[in-house]
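Each remark here refers to the structure printed beneath this line.
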Amino acid sequence: MEKINYIGEHLLPGQLGHFFSVLAFVASLVATVAYYCSVRAKDEPAKESWRKMGRWSFYVQAISIFAVFALLYYIISNHLFEYKYAWQHSSRDLETKYLFACFWEGQEGSFLLWSVWQSVLGLILANTSKKWEAPVMTFIAFSQVMMGSMLLGIYIGDHRIGSNPFLLMRQDSPESPVFQNPNYLQFKQFIDGNGLNELLKNYWMVIHPPVLFLGFASVLVPFAYAMAGLWTRKYGEWIKAALPWALFSAMMLGTGIMMGAAWAYESLTFGGYWAWDPVENASLVPWLTLVAGVHTLLAYRHSGHALRSTFFFFIISYTLVLYSSFLTKSGILGQTSVHSFTDMGMSGQLLISMAVFAIPGFWMLIRRNKDIPKIHKEESTYSREFWLFVGALILMVSAIQITFSTSIPVWNKLLDLFGLKKLFNLDDFATPGDVTFHYNQVQIWLASILGLLTAVVQYLKYKDTPKNTVLKKLAWPTLIALGITVLIGWVGRINYIEYGAGFLVAIYLMLFASVYAVVANFGYIFTGLKGKMKSAGASVAHIGFGLVLLGVLISSSKKQVLSVDSMGMLTGYFTKESGQNSRENVMLPKGLPVQMGPYFVTYKGDSVGTADKDKTFFIMEYEKKDRLEDAATERFTLYPDAYLNVRGQEGITPNPDSKHYLTRDIFTYITAVPRKDVVTDSLPYTPHTIKQGDTIFFSKGFIVLTGLKTQPVTKNYHAEPGDIAVGAELYVHTRENGDFNLQPVYFIRDSSFQGNVPDTLAPLSLAVKFTKILPNENKVELEIKESREPMDYVVLKALVFPYINVLWIGILTMMAGFVMSIIQRIRR
Amino acid sequence: MKKTSIILLVVIAACVAGMVMLVGDFSTYETFATAKKKEGKEIKVIGALDKSKEVIYDPVTDANYFSFYMKDKSGEVTKVVFNGTRPTDFEKSTELVLTGKMKGSEFHCTQILMKCPSKYKDQQTANSVAENI
C-alpha cells in the first residue's frame, strides 16, 4: 500500500506520549528489579548502589508519567481530533474546567490519573521511608509496572496489551475509506469531537475522580508496608510508619466515595446519594476492610495482639481495590449497573494485575504465618483490643456481604466456567428485584453493632479494664442516648413499616446505636481524654461516623415524595403493591399551579443557559399555602435544568435543583417535556373517564366537572317526550381568556338510541362531548377536542430529604477526625 | 479453644448461612413464557424493543404511564407497562433489561435498564457517513 501524506495532523505529541508511556513502563520495571536486588543483596555497598539505581529509575518513570499526562492534556485542550481519545471524549465548545473531566472520562485517562498519584506517593515514600525504602518501593514500582502496562497498546501476537491513549483515528480503523483521503481532517466529522457525556458535565466530575483515585492509589501504601514487613521478616516494625499512611488512605478513599455520593445526590437523578449500585459498592468494600485494618493495627500496637489480622486486612484491601477496578472496567457488570462501562478487551489483563498482587500476598501470609509473632495469652473480654478485633470482623462481614451480592455476574461466569451450571441445570442469577432492601436488611444490623461498638470500646482500656469504672463512665452517655432516641422516635414519628415490624425494630436499634456513638464519643473527649483535643482525633472521627449513620438512617427512612400523582390513585391504593407502584411524576401545564404536599407549584416557563447554550432552565415557582386562593406563607423558585435533545439524542438529560433548609432539602428535577418531533395536529376527540369534581387539563387551562343535571336546557338540545337526558355541568378556567361554563348533553331516546349534543367554546376552539355514563363506577366519559397549539408542560419529580445535612456534617466531622489523628500520629 | 477462634468460627458460620439465605433473594432471568408460570414473582426479562409496535407516553393523559412492546430472547412479544416517564433515547436502545412481574398478559415493570449503542458505534457511523462525502 502506498503511503499517504496526511495534511494537518499533529503527530509529535502522540509520538512523544507513546514514547514516554513505554519509557515509564520500562523504567518502572528497572526500578522494581533494582529495589528487589537491593533488598536481597548481602553487603551494604551493593544494597546502597541497587537502591540508588531503583530510586533514579523511579524518578525517570515518575517524570515520564507526568509527561504522558501533560501531553494527553495538551492534545485534548488543543482539540487535536486526529487522536481518538480527544475525538471520543471532548469537543470544542467545552469549558476549560470540563477538559479535565473528559480527560478521565475514558479508561486510559483514569488509569493515567491513578498512575500519576501512585508516582507522587512513590516519590514521597522514596524520600521519607528511610530503611523501608527498598522493600516498600519494590511493591510500589511493581504496581507501576502493572499500571504502565495498561497504557502500552502493544501487540504481542494477536493479543493487545493495554490501550494506548495516543491512538490516531486512522490507526483505530485503518480500513475506513475516509482515510484514503490525505485531507480527511477537513471532513465534517473531524472538525469537532464527540464531546463529553451530558451527565458528566458537572463540577463534581472535575474533582471527584482525582480524589477517589488518590484514595485508590494510597491503599497501595499500607499494602506495600505490610508486604515489606512479611518479606523482610521484620513483622512488627513497619507498623509505626504505616499507621499515618493507612489513616490517610482511609480518609482519602472515604472522601472520594462520599464525593461520589454527594455528586449522585446533587446532580444526578438517581433520587438519592446511595443506590447500592455495583460501582459504588466496589469502592466502598476496600474502605471497610482498610478501616478494619487501621483498628487491628492499633490493637497490635498497644497490646501485641491481632498482628496477623492486620496483615490480612491490608493485603485484602489492595486486592479489593484491584477487584473493584476489574469489576468496573471489564464490562462484566453490564446488566447490573446503571453506570455504563464498555469492555475494552482488557479483562484478562485486569485479572492478571489483581492476581500478581493477591496470590503472592496471601501465599506469603500463609507461609510466614507461623513466624509472625503472637501472644499466647488470651485477651481479656474487658480489653479494648478484643473488641477492636470484633469490630474489625463485623466490618469484614459487611464487606463480604456487599462483595458477595455485587459479584453476581462473576458467580455466573465462574459457574459457567467450571461447568457447574450445566451440571445442576442452573439459570443465570440476576440481581435481587429490590436491591436496596437486599443490602439494607443485612447492613442495618451490622451498622447497629458497629455503632454500639464505636460508642463503648473507647471506654475500655487496652489489656484490661476495671469493670465498675466502665459502667460508671458509660452510665450517663447511655441514658442521654436513650433519651435522645426516644425523643427522635417520638417527635420524628419514625414509622417505616414498608418492610414489616422486624425492619422497624432494626431501624430503632440503629437509631439508638448511632446516637449512642455520637454521645458516648463526645462524652469521652471530656471524661476519657480530659478535654485534650490533640489526642481526640479518633473520638472526632467516631462522632462523625455516628452522625453519618444517623443521617443515612433518618434521610432514607423519612424520605418523602412530594410529587405524588393522585390521578387514579384510588385504584390499587390499598393493595400491597401501592407502595412500590408509587406514581411519582406530576405533569404541570405552563402557568397552572398544581398542588404538591404543602406547596402549590407553578411552571412559569423556561430559559436557555448563558454559559452553555444546550442547557435549558425550567422556572418552577413554589408557594407554600393550604388552598389555592390563600396568600402564600413562603415563596421560592427552583431552576432545575436539562439538556434537551442534544447531539441527536431523543429525550432529556436533567439536572436537579434543590431548596436547602437546615433540616431538609426539597429536591426537584424534570423527567419529561413535550416532544417536538411528534406531530399532534390531527384532531381526534380524546376520551376522559372522570367523576364529579375531577379535573381535565387542556392546553389553555382546565375543565372541572362540577355536577350532572337531569333535564338540561341548552340551545342545541331539543327535548322530546320519553328522553332520558343528562347534562354535564362544566366549569372551564383559562389563564388568559377568563372563565366559562359548558354543558354538553347525553341522552337516550326511545329507550335505545344513545345520542349526545356537544358544546363548544369557539374562542378557544374547544369542543366537549358527553359520550357515556358508567353508573357502576359512578363516572362519566367526556371526549374533548381542541385545535391546539402543542401544549406546553413539564413532568417533574419532587422529593424531600429530611436531615440530609446530618449526613454531610457527619462526613466532614469524620474527615476532620482523620486529619487530627494523622497529625497526632506523625508528631509522635 | 481461644475466644477469638470461637468468634471467628461463629462469624464464618453466620456468613455461610447468610449467603445461602441471600441467594434466595437473587432474581433470575426469564422469558415472558416462563415468567407467566411465575405470575406475581419479581423476575428479570432481557429483550429488545419491538419498534414496529407503538410506544405510548402521553404526560397530558397520565404522567406515570409508559407502555411499549418488547420482544424477549425467545421471540415472544409482550406488552410492557411502566409506572413512570419514558427514558431518554429509549427508541435507540439495543437491549432492555426489565425488572418486574407478569400481570395477566401484561408485564408490569419497576425498573428499566437500557443498553445503548456505545460511542464506539457512533464513531463507526461517523466513518461510514464519510464515505459519501
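Yeah, the Cβs are placed from backbone N, Cα and C, and that goes for glycine too.
All TrEMBL annotations are machine predictions without curation.
Taken from TrEMBL, the feature domain 'Cytochrome c assembly protein' covers A:107-330. Among the features that TrEMBL reports, domain 'Cytochrome c-type biogenesis protein CcmF C-terminal' is placed at A:377-560. TrEMBL lists A:16-37, A:111-129, A:211-231, A:243-264, A:284-300, A:307-326, A:346-366, A:386-411, A:442-462, A:474-493, A:499-524, A:536-554 (among others) with the feature transmembrane segment.
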Q) Which of A:243-264, A:307-326, A:536-554 has the most Cβ pairs closer than 8 Å to the transmembrane segment (A:442-462)? A) A:536-554
Q. Would you call the transmembrane segment (A:284-300) and the transmembrane segment (A:474-493) in contact, using three or more Cβ pairs under 8 Å, pairs 6 or more apart in sequence?
A. no
Q. Is the number of Cβ-Cβ pairs under 8 Å between the transmembrane segment (A:307-326) and the transmembrane segment (A:386-411) three or more, considering only pairs separated by 6 or more positions?
A. yes
Q. Excluding the flanking five residues on each side, which residues at least 6 beyond the ends of the transmembrane segment (A:111-129) place their CB within less than 8 Å of a CB in that stretch?
A. 24, 55, 58-59, 61-62, 65-66, 68-69, 72, 103-104, 136-137, 140-141, 143-144, 147-148, 150-151, 165, 209-210, 213-214, 216-218, 220-221, 224, 241
